[in-house]
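Student: Have a look at this one.
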């Protein structure tokens, strides 16, 4: 059974600290929005859908603590809360989607007493979390039809239960295929520099009893050439209107390799990851993270001091390299501009 990385209980938001996995399973408690923002920024929680769920809970915690004498002042304070949460990570559009949904819910309830609005916002955050799990399962059912029995599936980064409200996007498709009776084995790229593949994907799949083999990022091409991979499936942090996909750094390289070797390259993502306001991948903001993630592994330095370092957290895979985009409302192929727009 897949883990849920975010919980709400008795006024407290709890998150598993994904930075410590797989060696330590530590749950942290959050009682205010500033702490939730820090958790998103420092990657206690990560993965676009999970970030959206965490942000919704953060907005609800922030709303709970607002002292206001009018709806207008409450809404202004809620916007400040949401602005703080929105400033944490720029690429994952689910973050902004969830925060806008929370503010829209507040505006919808303008006629109610403020205490009732605050309670409704916590209910809305819980609804976002529950709906994300249901969305992932629907996506899994659609995507499972694309995965053949006995398939050897390569995935990059972690698009599993840990990256969502539960079940997973790319790993949700794999889980659904296994649940349908198919024999599936997974190859997980380690995913430098944050090692989400080795620390998180391998941990999740192993915990669920799904066969998984960990590989270094630079092994993928050789294994494709040797016929050891049948298809690739990844998640997404933002999908532009034309089907270009921003995902964890290294995804583009895997897509190029898949194209060269004639392998299907699938992207699994909910509608909340699709940003029709962004025309193409060139307009997606790409987060640059601290260089220490590249120069260090934990406390151990791996590179000389003073060296120049780049650490973009994401890259963009052009739509032309993508075989299909799997969503909770079905699978889109070919004309992504029309196909993605028709989902809404």
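A Cβ is built for glycine as well, from the same backbone N, Cα and C atoms used for every other residue.
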Student: Check Swiss-Prot: it lists 46, 47, 48, 89, 247, 248 as binding substrate. Then name which of 131, 196 it lists for that same site.
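Tutor: Substrate site check in Swiss-Prot: besides 46, 47, 48, 89, 247, 248, the record includes 196 out of 131, 196.
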Student: What's the number of neighbouring CB atoms sitting within 10 A of the CB on residue 89 (substrate binding site)?
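Tutor: Its Cβ has 22 other Cβ atoms within 10 Å.
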Student: State the count of C-beta atoms found within 10 angstroms of the C-beta of residue 196 (substrate binding site), not counting that atom itself.
Tutor: 27
Student: Cα distance, residue 237 (active site, proton donor) to residue 48 (substrate binding site), nearest Å?
Tutor: 5
Student: Using the CB centroid of 46, 47, 48, 89, 196, 247, 248 as the substrate site centre, which other residues of the same chain sit with their CB within 8 A?
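Tutor: Counting only non-site residues, the set is 51, 92, 157, 158, 159, 163, 235, 237, 313, 314.
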Student: Nearest to residue 157 (site 'Transition state stabilizer') by Cα distance: which of the binding-site residues 46, 47, 247, 248 is it?
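Tutor: Nearest in space to residue 157 (site 'Transition state stabilizer'), counting only the binding-site residues, is 248.
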Student: Could you round the CA separation between residue 196 (substrate binding site) and residue 237 (active site, proton donor) to a whole angstrom and send it over?
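Tutor: Pair distance, Cα basis, whole Å: 14 Å.
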